[in-house]
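Heads up, the thing below is written out as structure tokens.
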């Protein structure tokens, strides 16, 4: 009593306290960062190594394996995967959530250093690492195009000037430059001309290497001067290499131009990038795992004018893709939803109280509680994101509930003629414990979420803490500011209501009277209600088992990502044509705004595409509907597939795949894996629950297998080293010399001119100069035949691995797909030597599925413990918790009705319902106990009176919560796919709960009261608590 009086009778202090809370909240709001979701990125580091010309199997055994053994010993590595292809190896390390990325980077560097002595000596550079996840979609893509500069020159500008500058911006983890390669002098040799002149490829390589040398020459001094010595020992351009003498034949000089075509070109001609059908260089920017995407994008945009000034005017630098506009639009939609929810909740209060003066009180209490929460969010290091803003939206209903309970009870005393200050004090005292019970039990619901580990726990923590803080501040405001305002603002008389609202008042009275009559009937037929209650419990179990489930709602971020997978024997020229064909199909779609893509590099038969869709208000279809429409058109392209998926804000794992979900096959027997992977993939491709099934196992690439006759080689005076060097010189785009420039270093690349390697007969033109100086054709000591060979070799840990990726067809859920895959693996009878497991997001879904029921039970148990402590009773908490089954049925039925799978967002809705619907029972039980203690009423009379007296606040709080969640259901625009499952769950649960709990709660109350009397040692005492 004294606590409440302290604030009621000191209005200035109470107002200033509320002002202080509001000001702190405003300050916190201004400093809060903006993000799509809470920070849930796993720390990921990518290690890259190269050995030009080495086969995938060689890269896997000689480069990947030594690095994996060293890297696998790092503390905190949760997953290690690698992929080795022609000349390159990439190892992805995913660390535990609590692992500091910078500390992990230091350990990675130490592990690379430890493995260095085990790596091949011919590697052009040491392995490097990047603190970025290559499977993440870029947060921004910049393109460089020009009508005057070559692709190599554009790539040089991008990699030398732009990428290093962008990499230094806070939050940027990696800038990947694609679409071409650095400028280079390319030497295309003519095998026949070399044979005619008696010049070997090694002779050419040695001559070029010796002619382009950068060595110190020293200085010359006399008594008074000093001169640095400088020579023309370097060759910079193709024109300077052309006249280089490489050999003498019969006294005549053989120049490089006589036996080769020398051009200013690029290091790797098997690269291509495009934007909207125009050749382009792409800068794909990814953020650090812990970085804020909006802040990083804003920093890049602020730097762009400065970057524009560093490149020539003839080069066009454009933003081809930017993830931030849809994120900002989504957050704006949530903010609008929050404002609408507050307005609707205040409207509900006004309709029930029918007093503008009374309505002002919750209209002040709600903003103070919500704004004050921003200060706590800032102190906790949170951000303004979809989940935290949704928490505030839902908190509006909880916040106003506390104010309603206090306000309605004070208003009831005022209508009975009590003086305002006395009514404020008396009314607050009566419901103070009720408000405390509702708030503490509601916060208790989220305690298991705070203790939940892994990605789901990290994702839900901000939601739970934000909501809990809002409830805590609301509790303080409701017991201080609200009663003070009631005492000083309201009058001791019935409020004057407007004529147009009298009808609503009469309707409410009629509804209350009708409820009283029906309640009397129910209390005389309690067995029927008991059957209904048991039925809802059983229905909950059945609905939960049968409802489709997924991890997170499929988002429409306005960005699509596509992976191209072509025939494994396709040439680069044909692959570039496929890229152009696919880009044209997509660019012609009316919902597409921009298309960029690239192909080439170490994997000639693959490519990537990034598609920006038009804003949501300019298209009628969702991203998934657009994908479904494009899938049919793309399927008509022969010899290649383009797998599209909508970019999501949450992507787990470091695997680069062509679809959203992954299923990984592991085996210590590579032959068994290669035998069973095609069988499993083909089986999964027939399942209706899966779409776009594809695999990263590519072991059917075309290979030309050369077999040396070692005896013949020995007789001819040729060793294997010379023969291998011949092949590398001819076909390996061998980098044989370095050109040093002030801003960068460039290579001299030697190979047989592509004009002479159009078919297999090119091998017949190759020859080696033996130790006697004779030209020996390759065909004299080697035979060759076509064969199959892997284009890539993949590992997970130290086991051979193959990852099957898949998307979900429209109308299918991840639980449907998971169950179908498990059935297929059982039907196939896959041996124990091949192990299958879900990976990435699908793996997290499996883990979440296993913990969902435990989490709900833990929340209910926590609420029971808190209520039991508050009521000093084992029984009354059960009465209060009896409201939950009906809410669960309503929520699950609503999800089924709206065709929405049960996701992590729906789980939040269920947890919220545990907190919301028990409020009705708390208000009934509190007043019933009070009536039994002080009114000398029987349990049936007490609960009946409590139900009627609390009917108005119960209706008010329920409708406030209902109207609070309704904008989430009805919201459209960006991010609505995240908000709708939460709103659907809450609205469905509230509607069903309100219909049933007004009757089941009094029945359960009486049931437990009779049960207690039956087993009580003091049968005359009806209420002991």
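Placement of Cβ uses the backbone N, Cα and C atoms for every residue, glycine included.
Here is what Swiss-Prot records for this protein:
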type: TRANSMEM; residues: 3-23; note: transmembrane segment
type: TRANSMEM; residues: 333-353; note: transmembrane segment
type: TRANSMEM; residues: 360-380; note: transmembrane segment
type: TRANSMEM; residues: 387-407; note: transmembrane segment
type: TRANSMEM; residues: 431-451; note: transmembrane segment
type: TRANSMEM; residues: 463-483; note: transmembrane segment
type: TRANSMEM; residues: 528-548; note: transmembrane segment
type: TRANSMEM; residues: 853-873; note: transmembrane segment
type: TRANSMEM; residues: 875-895; note: transmembrane segment
type: TRANSMEM; residues: 897-917; note: transmembrane segment
type: TRANSMEM; residues: 953-973; note: transmembrane segment
type: TRANSMEM; residues: 984-1004; note: transmembrane segment
Task: seg_contact(the transmembrane segment (984-1004), the transmembrane segment (333-353)) with at least 3 CB pairs under 8 angstroms, min sep 6 - done: no
Open item on the list: Three or more CB pairs closer than 8 Å, sequence separation of 6 or more: does that hold for the transmembrane segment (360-380) against the transmembrane segment (875-895)?
Closed with: no
TODO: For the transmembrane segment (387-407), find every same-chain residue at least 6 residues outside the stretch whose CB is under 8 Å from a CB in it, and list them.
DONE: 37-38, 331, 334-335, 337-338, 341-342, 345-346, 348-349, 353, 358, 361-362, 365-366, 369-370, 373, 377, 427-428, 431, 434-435, 438-439, 442, 459-460, 462-464, 466-467, 470-471, 474-475, 477-479, 482-483, 486, 912, 915-916, 919, 923, 953, 956-957, 960-961, 963-965, 967-968, 978-979, 982, 986
- [ ] State, in range form, which of 333-353, 463-483, 853-873, 953-973 has the highest count of Cβ pairs under 8 Å to the transmembrane segment (897-917).
- [x] 853-873
- [ ] Could you name the stretch, out of 3-23, 333-353, 463-483, 875-895, with the greatest number of CB pairs under 8 A to the transmembrane segment (953-973)?
- [x] 333-353
Task: Chain residues in Cβ proximity to the transmembrane segment (333-353) (below 8 Å; excluding those fewer than six residues from its ends, i.e. six or more beyond) - done: 359, 362-363, 366-367, 370, 386, 389-390, 392-393, 396-397, 400, 404, 407-408, 411, 495, 501, 504, 508, 952, 955-956, 959-960, 963-968, 971, 973-976, 979
Task: Annotated stretches the transmembrane segment (463-483) and the transmembrane segment (853-873) touching (3 or more Cβ pairs under 8 Å) - done: no
